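J.: Pasting in a structure now, in structure tokens, and then I'll have a few things to ask.
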Amino acid sequence: MTADHRYPLGPMPTPLELSAQERETALDQLRRLPQELRAAVAGLSNSQLDTPYREGGWTVRQVVHHVAESHMNAFIRVKLALTEENPVIKPYEEDRWAQSPDHQLPPEVSLTLLDALHTRLLPVLEGVMDWSRPWTHPAQGRTYTLDTLLAMYDWHGRHHVAQLTVLRGREGW
Ligand code: NI
């Protein structure tokens, strides 16, 4: 294997605690994600949208739909952690989700969804008083915090945008 196109930013971070500055940076990046994802697919043709971002990987279109549904899960996880005591979150089979027919829709559907979703997610995060509120991942049996969710989903959005911009650079699109 040469360059790892799957993880252009390296692996997902799972810190239990962030500094105030790191939180500000992460919130800022999450705020910008909808427009950056939109920019990452702007002007692509249908055949470009149906090109895998790497050999054997999801198509550009599937990546966009994945980000929207992943961040819907993020929204639910944040709300659970804020309203319940150490809730157990629900993992999901993201590769199987990506095989369903909604992943063939125009990317605009999920770009619009992500716009609205982040318009709701950001004030929820900006209102967090206690970033140490816990939640548990059942498969790993590990307990994390709201800071972990913030770091994970900040990384997650940028990770998928980078997959697409790396592809566009490689293809000269
Ligand atoms: Ni992902």
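For all residues, glycine too, the Cβ spot is worked out from N, Cα and C.
Because TrEMBL annotations are produced automatically, they should be read as predictions rather than curated entries.
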J.: Going by TrEMBL, His156, His160 bind Zn(2+); tell me which of His66, His103, His118 is listed for that site too.
T.: His66
J.: Sequence gap of 6 or more, C-beta under 8 Å: which same-chain residues meet both conditions with respect to His156 (Zn(2+) binding site)?
T.: Met12, Val67, Ser70, His71, Ala74
J.: For the binding-site residues listed here (His66, His160), tell me which residue's CB has the most neighbouring CB atoms inside 10 Å.
T.: His160
J.: List the other residues in this chain whose Cβ sits within 8 Å of the Cβ centroid of the Zn(2+) site residues His66, His156, His160, in sequence order.
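T.: Going along the sequence, the neighbours come out as Val63, Val67, Ser70, His71, Gly157, His159.
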